[in-house]
């Protein structure tokens, strides 16, 4: 069931800067969504428009089928957890979580059990009387979430809310947030510039750049089938090479022809080829589909990151559990399914239509 729809949302500021360009988004109830993109891509502006803190220049916002474009933020069934958590330092944990309920003039006999349940949900039982200054960053994060969910919103918005935490705590909170969302069964919309956060937590991701949605879909679909160069480079590490489509299932790059899993592209059309570094296997040069020379190598704990160059001066990034010697000639082996072919300047709409048509033609055969 759809809970939020943005239709043709544009945001233009007085200085002429266009933050959002014809944004169309559908959010289903009970799922975890991420708005992912670099700084200035428009992701936080979308969040603020959904929350009611910012008005769009044009377009409509729908909530449960009703137009709420002009509805005051306080009247929306939506709560927000901000990047700095916005906790009140002069109030203890209980008072922070209870704040919204007190504003609504709820009686104390309703507030106490509601706050207790919210703190239990975020695993902060026994912390009600703690001062905010006594809490770690992760605990403050959970208090902010408890304060938001105690109001029983239908949608929870989180604006870069893990960015202030250290790497280990950020990883722990990814599991925590996903678990909380599953328990509550409400819609989470999470804004981040961190691809790992988006990939690990989301049911669906919207990738933004320059005020436009570049691609939307499941984490697996976006990682395995980026629609353009920006998405391929922004989501994970990639080897991206210029190529030419020979025919269905055959593509040429690095002066060789290779079997691939892509079709529906014109013969001789210029394309870009994406191969993820973890899909490259290091083999003996005579067994490799491509031969490269190792240039640099970093040990990253669970794998080596190797940069190499082929005879055509193409650079290759390889992730391997085995290291190599610098200057060593090595073979790279990959399967047809490891090759992803991208058309130049193809939109997601055109990409989806091509795949649907091509797969439909295959089924008829």
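Just so you know, the numbers here start at 1 and follow the chain as drawn.
Just so it is clear, glycine is given a Cβ too, placed from its N, Cα and C backbone atoms.
According to Swiss-Prot, the feature ATP binding site maps to 37, 38, 39, 40, 41, 42, 43, 44. The Cβ of residue 40 (ATP binding site) has 15 neighbouring Cβ atoms from other residues within 10 Å, across all protein chains displayed.
Per Swiss-Prot, domain 'ABC transporter' is recorded for 4-235.
Around the Cβ of residue 38 (ATP binding site), 12 further Cβ atoms fall within 10 Å across all displayed protein chains. Within 8 Å of the centroid defined by the CB atoms of 37, 38, 39, 40, 41, 42, 43, 44, the record's ATP site, lie the Cβ atoms of 193, 208, 209, excluding the listed residues themselves. Model confidence over the domain 'ABC transporter' (4-235) is summarised by a mean pLDDT of 92.
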